[in-house]
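Peer 1: Checked Swiss-Prot, it gives:
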- 22-187: domain 'FAD-binding PCMH-type' (DOMAIN)
- ARG166: active site (ACT_SITE)
- CYS214: active site, proton donor (ACT_SITE)
- GLU283: active site (ACT_SITE)
Amino acid sequence: MTNAFPFSVQESVPLNRFSTFRIGGPARYFKELVSVDEALKVFSFLHTSPIPYIIIGKGSNCLFHDQGFNGLVLYNNIQGQTFLSDTQIKVLSGVSFSLLGRQLSSKGFSGLEFAVGIPGTVGGAVFMNAGTALANTASSLVSVEIIDHAGNLLSLSREELLFSYRTSPFQKKTAFIVSATFQLTRDSQAAQRAKALIEERILKQPYEYPSVGCIFRNPEGVSAGALIDQAGLKGLTIGGGQISQKHGNFIINTGNASAADVLELIETIQKTLKQQGIALEKEVRIIPFQPNLGVS
């Protein structure tokens, strides 16, 4: 069936290798993207193809099904960055967001210190508008380059894009994020701030276990982790999945967790909080085995 593609693909690739949860069955088809030209060819084909597909980066916000994904998984590994001016940088979407924040802050550039410790790619950070209480990806964003649903390469300015808390316009449209351009400032204290941020993350978050970071978006004015803690759910274990004792909004893989274990924990949290009149919205992307079921 791989001859259905005008480019090389792999078959039956385990997705647990491409998730920070270390959970997931095999992708029916798998393609690593390493250049913009290659991505343009792939999306030009997919525009006219019925084959379902998903795009992943570091897999740091995805829970894959135990059976895997019955379609094509595109792994974004497009690397590179260029300074357009003294304080403006264009970064390709497969670059590690955390590494970018660390490198820039160590060189005295401010604007992306908050990225240190966020385990996704630049593309994933734009897609989720990743951030902290201090800043988010859109804060320093100048423009985004995308390949649209028809396979066209477009550049969109920040002013054309509506971002909000953990939300970007790309969550509701079919587009591949190619690059992001960020506006930085010179600041000799940037490295010190980045160091303090990562130390705080290590102190408060369970980095010693596989996870995908925060499972739920914070409701307005309150921490989802604090609500889960107050509900007495920290430490709850189902199979190999556990609500972290360290941070209530983290579910960790203690060894052999399945997607079913994690989904049951998510459902338990939501049901418990709903009884208190609180509706928690998932931040993690649940990737179904059958693509026609949609992505929640």
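Every residue, even glycine, has its Cβ placed from backbone N, Cα and C.
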Peer 1: For the C-alpha pair, I'd like the distance in angstrom between GLU283 (active site) and CYS214 (active site, proton donor), rounded off.
Peer 2: 7
Peer 1: Mean pLDDT for the domain 'FAD-binding PCMH-type' (22-187), as a whole number?
Peer 2: 95
Peer 1: In sequence order, which same-chain residues at least six apart have a C-beta under 8 angstroms from ARG166 (active site)?
Peer 2: MET128, ASN129, ALA130, GLY131, ARG217, GLU283
